[in-house]
Amino acid sequence: MTTVNTDKRILIMAGGTGGHVFPALAVAKYLCQQGWQVRWLGTAERMEARLVPQHGFDIDFIDIKGVRGNGLLRKLAAPFKVIRSIMQAQAVIKEFKPDVVLGMGGFASGPGGVAARLSGLPLVLHEQNAIPGMTNKILARIASQVLCAFEDTFDNVEAEVVGNPIREELIALGDSNVDPVTDDALKVLVVGGSLGAKVFNDLMPSVTAAVSKTHSITVWHQVGKGNLQGVKAEYQHLGQDGSVNVAEFIDDMEAAYRWADVVLCRSGALTVSEVAAVGLPSLLVPYPHAVDDHQTKNAQVLVQAGGAFLLPQTILDANKLIGKLQILASDRNELAQMGLRAKSAAVLDATQKVASVCIRLAGKD
C-alpha cells in the first residue's frame, strides 16, 4: 500500500461528465501512488459526487451551476453566485492547504481556479477537448501552466500538448489488443453515452439486419437509461436478437473494447483518446449540439490519422452506416490497418505528463 505524504497535497477540480472526471481520476491515482494526498472539489448534483468517493478520494462540494442562459434573473444572480462559490472554494483551500491545484473542467473548476490564484497557489489547467470550454478559456489567462490534449486548442495562450490521461488498464489493453485478422463475425460496439444516442438507437436495428444479409455481424449496443426495452424489441422484430447484446450501460469498458472489432460512437475527448489507446477503428458521429461543435474537431485527430470515419449526424442515415460496415466486414486487412493507425495517434503517457507538471509547480520534484 502506498504511504501518503501529508507534505504533498493536491486539490483536483473536475466534474459534470465522464470526459472530465475519468481523466482526472487517472491523474489522482497516479499521484496517490507517488505518495500524494489528493482532495477533490466538485458539485453535489453531478456525477463526481458518486464516482470520486467510489474510487477512494475525499471530495468537497461548492454550490455552482452553469452560467450560460438567457433569463434576466439568472444573469443578475450569476455574479453573486460565482462570488459565493469562490468563497466556498477558498474555505476548502484554507482547510486542506494544497501545494498545487489542478483544474480539469466542470462547474467547480472556475471558482476553484480563481480561489487558488487568490490564495497564491500554482494553478494547472488541462483541457481535454480540441476547443476549450468557457471556464478554461477564462482561467487560462491566470493559470500557472496550461495543458491540452490537441494541437491549436487555445488562441493567444501558450499551452503544452500532453494528450488526455486515460486509465492504465486501457493502455495495457492496447498493448495486447492486436489480434490476427479473422473471418469471424464483425463485432460492432455501439456506445452512445450515459443517456444513449437516439440516432444510434433508431438506426442500428435496421442497419444490423441489412448487413447480416451479406456478412456475419454481432453487435454490443449500449442504449442509455430508459431505452432498453424499446431498442431490444426493435432488434427482435427484425430477427436480430440472437446476434445482439443490448444494455442500458456498459460498466466494464475494458471488456467491451477487448471484444470489439470496430466502435460506433460519439467523439467526446475521452472516447476519442480511449479508442486510440486500445487501437480500435471507429465510426465517429459527433454530437451535433456540443458547445462550439468541439466533438467534430476532436474527431479530426483520428480521421486524419486514417483510424476513423467521420459521419456527421446531419447527413447520417441507415444506408451510410450499412455501407461503412459492409466495407469493414469485407476487408479485414483494412480493418486491422485502421486499428494500427488509430493506435499511432494515441498519447499514452499523458497521465505522467500532467502529474509531472503539478509536481514541478508544487516544488516537490
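Cβ atoms are placed via backbone N, Cα and C, with glycine included.
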For the UDP-N-acetyl-alpha-D-glucosamine site that Swiss-Prot describes with Thr17, Gly18, Gly19, Asn129, Arg167, Ser194, Ile250, Ala269, Leu270, Thr271, Val272, Ser273, Glu274, which of these is also annotated: Gln54, Gln229, Gln295, Gln304?
Gln295
Let me know how many other Cβ atoms fall within 10 Å of the Cβ of Ile250 (UDP-N-acetyl-alpha-D-glucosamine binding site).
17
